[in-house]
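Here's the structure, in structure tokens; my notes come after.
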């Protein structure tokens with residue numbers, strides 16, 4: 001069967017439409033991944049890339065929920081940020097100030113544990129009494145620790161979260177969202193010991209000064225239990241939670257082929273939080289992969305250097321560079337050499353006062369994608385700068401090599417825009433003019 005396609009150029013305004021035909025045909029060949037979504041049958045959920053913070057999927061992620069014991073992720077993070085693991089924690093009387101029958105290892109006031117032991121009890125046994133002990137040890141009082149929790153949440157960007165205790169037992173004024181909890185979990189994941197703690201299968205606290213028996217903890221996360229229907233081989237662990245008011249809550253971490261994902265599932269009945277989480281992970285790994293973006297000694301800006309704070313003695317220019325890398329998630333349909341349309345912003349000083357050292361941070365370059373901050377890379381001097389005598393090093397205009405144009409990928413000099421526009425207009429004219437000439441010839445034949 002043969003097909004014949006004929007184009008008429010009697011109406012030049014149709015030409016742009018014809019040029020769209022290849023694009024439309026190409027679009028029909030692309031997989032419709034956007035129409036596929038994980039099954040989240042109840043509750044709220046968020047799937048986030050642990051490296052970049054990109055939200056890969058969400059279902060009512062901004063809806064307020066009670067976090068229950070997933071609160072302890074924040075408690076653990078603050079303890080790791082402010083304490084060493086070998087510190088001795090003397091359990092206070094406030095350890096007993098919990099709901100009777102709730103999760104606990106039943107410490108005695110005055111009992112001594114290391115911070116390492118406390119964090120295992122906190123994350124593996126979900127011990128509410130130990131949460132109070134950790135809070136008072138870190139901040140001096142429970143109220144002061146709650147203030148730290150809320151301040152840290154705001155700093156992270158979890159602006160729809162409010163804590164009133166360190167353990168997560170119910171209070172109407174103790175709430176978060178799936179998105180906020182994912183942000184908090186992403187921040188905690190940056191701490192190496194938190195990752196190690198999440199992956200623990202078994203832990204023992206030997207007898208203490210006030211307890212004659214060892215205490216044993218086992219990981220409760222059902223996605224990590226081999227041989228069960230809920231087992232998911234790439235799941236690293238997480239934090240479970242439950243209260244009558246919160247229902248089941250779950251934060252989970254998984255890693256596959258270099259892509260680390262965080263799944264948050266809140267307000268779920270029975271074991272639905274595990275099914276939701278497994279579906280989220282399977283969706284994430286079937287649709288996304290991790291890509292590394294590297295800035296190797298990349299020139300960000302060239303700024304003037306002055307001898308004095310009054311900026312009257314310019315002694316030359318200094319290169320400010322970025323030398324780092326970051327990872328982000330891209331769709332599996334994205335070509336390996338394709339760079340996402342990052343919005344790039346640079347925050348740097350207008351000038352430098354000598355002296356300056358290479359290890360001195362001078363600002364940053366930020367990468368945003370779809371309104372989300374993907375990475376913030378610090379910037380440094382390429383070489384140290386030192387004060388010099390004006391007589392021996394007069395300030396001169398920069399050479400052509402000493403311009404202020406950035407070499408950072410994604411930021412182009414203004415004249416490239418003119419070049420691109422000119423090429424586009426030239427290409428368009430080559431397509432249209434022959435058609436107009438043919439049209440004029442046809443008209444002449446009838447006169």
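Even glycines carry a Cβ here, placed using N, Cα and C.
Bear in mind that the values here come from a model prediction, so they are computed numbers and not experimental data.
Database features (TrEMBL):
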type     : residues : note
SIGNAL   : 1-34     : signal peptide
DOMAIN   : 35-266   : domain 'Peptidase S11 D-alanyl-D-alanine carboxypeptidase A N-terminal'
ACT_SITE : 69       : active site, acyl-ester intermediate
ACT_SITE : 72       : active site, proton acceptor
ACT_SITE : 126      : active site
BINDING  : 239      : substrate binding site
TRANSMEM : 414-436  : transmembrane segment
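Confidence for the domain 'Peptidase S11 D-alanyl-D-alanine carboxypeptidase A N-terminal' (35-266), expressed as mean pLDDT, is 96. Sequence-distant contacts (6 or more apart, same chain, Cβ under 8 Å) of residue 69 (active site, acyl-ester intermediate) comprise 103, 126, 128, 167, 168, 239, 240, 241, 242, 249. Within the same chain, residues at least six positions away from the residue listed as 'active site, proton acceptor' with a Cβ under 8 Å of its Cβ are 122, 123, 126, 131, 166, 167, 168, 239.
Classification of residue 72 (active site, proton acceptor) by DSSP places it within a helix.
According to its DSSP assignment, the residue listed as 'active site' is coil.
In this structure, of the recorded positions 126, 239, the smallest number of CB atoms within 10 A of the CB marks 126.
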